[in-house]
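Listed in TrEMBL for this protein:
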TRANSMEM  6-25  transmembrane segment
TRANSMEM  46-64  transmembrane segment
TRANSMEM  70-92  transmembrane segment
TRANSMEM  104-124  transmembrane segment
TRANSMEM  130-151  transmembrane segment
TRANSMEM  163-185  transmembrane segment
TRANSMEM  191-212  transmembrane segment
Amino acid sequence: MSGISGHWAFAFGVLGNIVSFIVFLSPLPTFYKIYKKKSTDGYQSIPYVVALFSSMLWIYYALLKTNTTLLITINSFGVFIETIYVGFYLFYAPKKSRVQTIKMILLFVVCGFGAIILVTEFLFKGAVRGQVVGWICLIFSLCVFVAPLGIVRQVIKTKSVEYMPLLLSIFLTLSAVVWFFYGLLLKDINIAIPNVLGFILGILQMVLYVIYNKKEKAILKEQKLPEKLQNHMIISIDEKNKNFPELTEEQIIDIVKLGSLISSGKIHIASCLYDAACASAKIENTPNNLQTVEAKN
């Protein structure tokens with residue numbers, strides 16, 4: 001049974017490497033948008049800094065365990081690609097965001113990772129060291145899944161999915177499922193447990209995307225002016241009162257000018273009642289027409 005379990009664990013490990021490889025590449029559309037805008041406004045660096053730190057921790061944990069080569073391979077790529085993401089973010093970030101990102105790098109990558117290595121190497125020995133590092137990996141893996149909650153909060157607040165990378169949410173969910181079974185087959189709770197939360201949060205992000213993406217499209221559709229009404233003039237008359245407001249002398253002169261154009265057939269105006277359907281007609285508003293009005297007056 002252990003042999004069969006080992007084969008299945010290897011199979012899920014390979015599949016996990018493939019899916020996680022796609023997960024690490026899924027932010028590329030986000031960074032393409034940053035490149036096009038030449039700015040990181042609306043985007044946060046914390047998911048990438050935390051992911052970089054997490055990959056470094058998993059490599060350290062894998063080196064303390066046996067039969068964890070597949071963890072080393074994918075997290076080595078993770079360290080490489082997340083370093084590029086963070087560097088790209090720093091290049092286009094405004095001064096305030098750049099300073100905050102550098103502080104996070106110093107806190108997590110330099111001080112945090114350095115402190116973990118020093119403490120575990122000098123205070124713990126053998127299997128205990130692996131257990132301690134495993135629990136630390138578990139905690140920060142949860143942070144990797146929780147980090148996008150900042151984007152979820154922004155989506156709910158702005159009612160827009162512009163800054164929610166859908167591909168990342170989909171592949172994080174799929175990755176969580178695969179690595180859960182990998183950890184389960186290896187009987188390693190440090191790998192299995194975080195991916196339960198990862199699956200739940202991934203589903204949450206996809207549900208929010210579907211909800212707010214539909215609302216955003218509906219709002220844009222309502223705000224778009226129908227092509228039939230573009231370049232047309234509509235005059236509304238109050239059906240109840242049927243009274244025009246008092247006009248100034250200049251407004252009266254403008255009305256006379258419009259009247260002369262209407263009588264000459266150069267302008268067609270459609271009036272519409274509030275309770276009736278509106279008809280509209282195009283206005284031939286050309287410089288020649290305006291000159292004709294001025295000449296007549």
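In case you wondered, yes, glycine gets a Cβ from its N, Cα and C as well.
Within its own chain, the transmembrane segment (163-185) is flanked in space by residues 5-6, 8-9, 12-13, 15-16, 19-20, 22-23, 26-27, 29-30, 42-43, 70, 145, 148, 151-152, 154-155, 191-193, 195-196, 198-199, 201-203, 205-206, 208-209, which lie at least six positions past its ends and keep a Cβ under 8 Å from the stretch. Nonlocal intrachain contacts for the transmembrane segment (46-64), taken as residues 6+ away from its ends with a CB within less than 8 angstroms of a stretch CB, comprise 27, 71-72, 75-76, 78-79, 82-83, 85-86, 89, 101, 104-105, 108-109, 112-113, 116-117, 129-130, 133-134, 136-137, 140-141, 143-144, 147-148, 150-151, 190. Within its own chain, the transmembrane segment (104-124) has Cβ neighbours under 8 Å at 45-46, 49-50, 52-53, 56-57, 60, 86, 132-133, 136, counting only residues six or more beyond its boundaries.
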